[in-house]
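Trainee: Below is a structure I'd like to ask you about.
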Amino acid sequence: MAPEDHEGATSLLQSFERRFLAARALPSFPWQSLEEKLKDPSGSELLLAILQRTVKHPVCVQHGPSVKYARCFLSKLIKKHEAVPTEPLDALYEALAEVLMTQESTQCHRSYLLPSGNSVTLSESTAIVSHGTTGLVTWDAALYLAEWAIENPAAFTDRTILELGSGAGLTGLAICKACCPRAYIFSDCHAQVLEQLRGNVLLNGFSLEPHTPIDAGSSKVTVAQLDWDEVTASQLSAFQADVVIAADVLYCWEMTLSLVRVLKMLEDCQRKSAPDVYVAYTIRSQDTGKLFIEELDRAGIYWEEVPPHTGKLFPYEEHSAIVILKLVLTSRHGV
């Protein structure tokens, strides 16, 4: 195999691996590139390698995606193989038969590979919106903010982080595993989200026992119920956060106003220096960020856009327009 062909196959394998483990939509996979590779004599070897990096991946074997997702993926993989004149691959059909005998669950798993070789695995609802909340799944801005954090660990290392609207927990778990914060406070307000969030924290090897990290090198991790409309200044002050983050929480006008209210309280209640604040959001319409910026300006909170980062670790929609704003809160009690 020519060097460029080997490089292309490696890139293709990585794309299939990352997308499958994260259970991304099947149309987003590089099927056309696979079709071209299957014309080569080594096409069957590539398919077997894809099988090992997806359905047979150790992470997937332990915490796989939904049964329906795995079935559809294997069916499409088999169809691509059958479209070329070559011998059948028993391994593909055996894998499909095994999946067909597996019972479906209301929960599925998505896993995201980190540069260290570690991974973050989330248990998520098989429905996009369930129990009346959008917090049970991972949205693209959470992935984008996690990538930025991994590329800029100094912003989080040995610091206390408060995350507003943690949802399924992807961003925080990635930061805890890759950036070594002193402490990390996940927060949300919906009971179903908090239940799943606690489960995901435990699933990834962290302890929720106060002051009892799993080992000497672990961060102290807590999960807090935080209603933005009811939280008090004293509650926020008790967290003593050095950094505050939020991702994909600007999905309606009311939430935007509530978030700015919390940010103003954080600005007013700090005993010493105000925390660094990073808010990531996907621009779904012209109004998505416009209202937030208008409210920040009205509240006197300075903001600046963080330059786009270069490393793309996680599979999310290429066309997604995602922004990270760094907010500067001026502590009234600063030194």
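Glycine too: its Cβ is placed from the backbone N, Cα and C atoms.
Worth saying up front: this structure is predicted, and the values here are computed from it rather than measured.
Taken from Swiss-Prot, the feature S-adenosyl-L-methionine binding site covers TRP139, GLY165, SER166, GLY167, TRP228, ALA247. Look at Swiss-Prot and you will find MET1 tagged as N-acetylmethionine, backed by similarity to another entry.
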Trainee: By a simple count, how many Cβ atoms lie within 10 Å of the Cβ of ALA247 (S-adenosyl-L-methionine binding site), its own Cβ left out?
Mentor: 29
Trainee: I'd like to know which of these binding-site residues, TRP139, TRP228, is least surrounded, judged by other CB atoms within 10 A.
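Mentor: Each of the binding-site residues TRP139, TRP228 was scored by Cβ atoms within 10 Å; lowest is TRP228.
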Trainee: Between any two of TRP139, GLY165, SER166, GLY167, TRP228, ALA247, the residues recorded as binding S-adenosyl-L-methionine, what is the biggest Cα to Cα distance in Å?
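Mentor: It comes out at 20 Å between the most distant Cα atoms.
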Trainee: Using a 10 Å cut-off, grab the number of neighbouring Cβ atoms around the Cβ of GLY165 (S-adenosyl-L-methionine binding site), all chains included.
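Mentor: The answer is 27 other Cβ atoms.
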Trainee: How many neighbouring Cβ atoms, not counting its own, are there within 10 Å of the Cβ of GLY167 (S-adenosyl-L-methionine binding site)?
Mentor: 28
Trainee: Tell me the coarse DSSP state (helix, strand, coil) of TRP139 (S-adenosyl-L-methionine binding site).
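Mentor: Reduced to three states, the DSSP call for TRP139 (S-adenosyl-L-methionine binding site) is coil.
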Trainee: Among all the protein chains here, how many other CB atoms are within 10 A of the CB of SER166 (S-adenosyl-L-methionine binding site)?
Mentor: 30
